[in-house]
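Per TrEMBL, the features are as follows:
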| type | residues | note |
| --- | --- | --- |
| ACT_SITE | H191 | active site, proton acceptor |
| BINDING | G13, A14, A15, G16, Q17, I18, G19, N109, Q116, V133, G134, N135 | NAD(+) binding site |
| BINDING | R96, R102, N135, R166 | substrate binding site |
| DOMAIN | 7-156 | domain 'Lactate/malate dehydrogenase N-terminal' |
| DOMAIN | 161-326 | domain 'Lactate/malate dehydrogenase C-terminal' |
Amino acid sequence: MSNKKPVRVAVTGAAGQIGYALLFRIASGEMLGKDQPVILQLLEIPDEKAQNALKGVIMELEDCAFPLLAGIEAHSDPMTAFKDTDYALLVGARPRGPGMERADLLAANAQIFTVQGKALNAVASRNVKVLVVGNPANTNAYIAMKSAPDLPAKNFTAMLRLDHNRAASQIAAKTGKAVGSIEKLAVWGNHSPTMYADYRFATIDGQGVKALINDEEWNRNTFLPTVGKRGAAIIAARGLSSAASAANAAIDHMRDWALGTNGKWVTMGIPSDGSYGIPKEVMFGYPVTCEGGEYKIVQGLEIDAFSQECINKTLKELTDEQDGVKHLL
Ligand SMILES: NC(=O)C1=CN([C@@H]2O[C@H](COP(=O)(O)OP(=O)(O)OC[C@H]3O[C@@H](n4cnc5c(N)ncnc54)[C@H](O)[C@@H]3O)[C@@H](O)[C@H]2O)C=CC1
Ligand SMILES: O=C([O-])CC(=O)C(=O)O
């Protein structure tokens, strides 16, 4: 038994497929530590089928008898689901199906995040750490942040960690090295095929990854498209979008933000502070380190011409998405 005070963790879309891969790991202490009790505040839409499914998930959570699970609540209204919450994982949104582009989701999902941003603004802990997973994640996080003017903008983040983990895995396969030995990997920009996974600074056991791979053709024509289109490849193969790997990335993101990275670089989608010429407040994937519950952008990296081109492209997509939702803010 832990004598730490329980923290409140809100999860939306709790009866969905990511929810099913996520909640059990949060409750077992994989996200916030094996000594940190949690109270789960679960939100689903006020629809009989979704609420029933949520009841089933809650029964299963109960049946795990997790020692760290100090309470479970089912909600259908964000104003109660987010009450005093310390962490909010905004997963609930419509996922892409085969043949759908991310832009199709913007119209369907944007409204959810104005409502939820306002609710967080009204009732969440003033230190709430928010992770948006629901797509298009960066722009939804931007909408939520803009809808919550009384909370610090830096508390709103978007999930780029799945892209980061996918990139690491591709590099491990290419080099034949252990995925856990890769450091200093960066993913810039939008969680979309325009993201720029950048291994120019990455090392494996102190050796430079760029020199180790030494294949610019592979970087441009295999690596970047493979990482960028991995979500679509999974939808094509499974008929459903990635769920277990997305949940895993959400756990990684929140754990590192809350508990720190010991100097290691990770990727988070965060509101820009102007670093690397990205306009302020654009919700952009950056390499960061985390310490004491705060993230810090890795500064001073050289951006060469190809990288700048990639960054400009993903930035343009993000500013276009933001323009597309202006009327909601
Ligand atoms: N950022 C990333 O790297 C990734 C993001 N995603 C996105 O995550 C989202 C969820 O994916 P899945 O769990 O696979 O979808 P799903 O359809 O299985 O589950 C979504 C759940 O959200 C609920 N929901 C919808 N609107 C809601 C609202 N306003 N409030 C509360 N709950 C609501 C639905 O009832 C459903 O149970 C999708 O938008 C998907 O595109 C998926 C993979 C990776
Ligand atoms: O591609 C999708 O729609 C789901 C997703 O965000 C991903 O797997 O990266």
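Cβ atoms here come from the backbone N, Cα and C positions, even for glycine.
Features per TrEMBL, on structure.
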{"residue": "G13", "record": "NAD(+) binding site", "DSSP class": "coil"}
{"residue": "G19", "record": "NAD(+) binding site", "DSSP class": "helix"}
{"residue": "R96", "record": "substrate binding site", "DSSP class": "coil"}
{"residue": "R102", "record": "substrate binding site", "DSSP class": "helix"}
{"residue": "Q116", "record": "NAD(+) binding site", "DSSP class": "helix"}
{"residue": "G134", "record": "NAD(+) binding site", "DSSP class": "coil"}
{"residue": "R166", "record": "substrate binding site", "DSSP class": "helix"}
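Of the listed binding-site residues Q17, N135, the Cβ environment within 10 Å is emptiest of other Cβ atoms at Q17. Only A15, G134, H191, of the recorded positions A15, Q116, G134, R166, H191, place a Cβ under 6 Å from an atom of ligand 1. Within the group of recorded positions (R96, R102, R166, H191), the Cβ with the highest number of other Cβ atoms inside 10 Å belongs to H191. Among the binding-site residues G13, A15, R96, Q116, N135, the residues whose Cβ lies under 6 Å from any atom of ligand 2 are, in sequence order, R96, N135. Per Cα geometry, H191 is the residue among the recorded positions A15, Q17, H191 nearest to R166 (substrate binding site).
Binding residues for NAD(+) (G13, A14, A15, G16, Q17, I18, G19, N109, Q116, V133, G134, N135) extend across at most 20 Å, taking the greatest CA-CA distance. Look at the domain 'Lactate/malate dehydrogenase N-terminal' (7-156): DSSP puts its residues at 66 helix, 28 strand, 56 coil. The residue listed as 'active site, proton acceptor' carries neither a helix nor a strand DSSP state and counts as coil.
The two recorded residues G13 (NAD(+) binding site) and N135 (substrate binding site) have their Cα atoms spaced 12 Å from each other. Between the alpha carbons (Cα) of G134 (NAD(+) binding site) and R102 (substrate binding site) lies a span of roughly 11 Å. In the predicted model, residues of the domain 'Lactate/malate dehydrogenase C-terminal' (161-326) average a pLDDT of 97. Around A15 (NAD(+) binding site), the C-beta neighbours below 8 angstroms that are at least 6 residues distant in the chain are L42, E44, A50, A53, L54, G56, V57.
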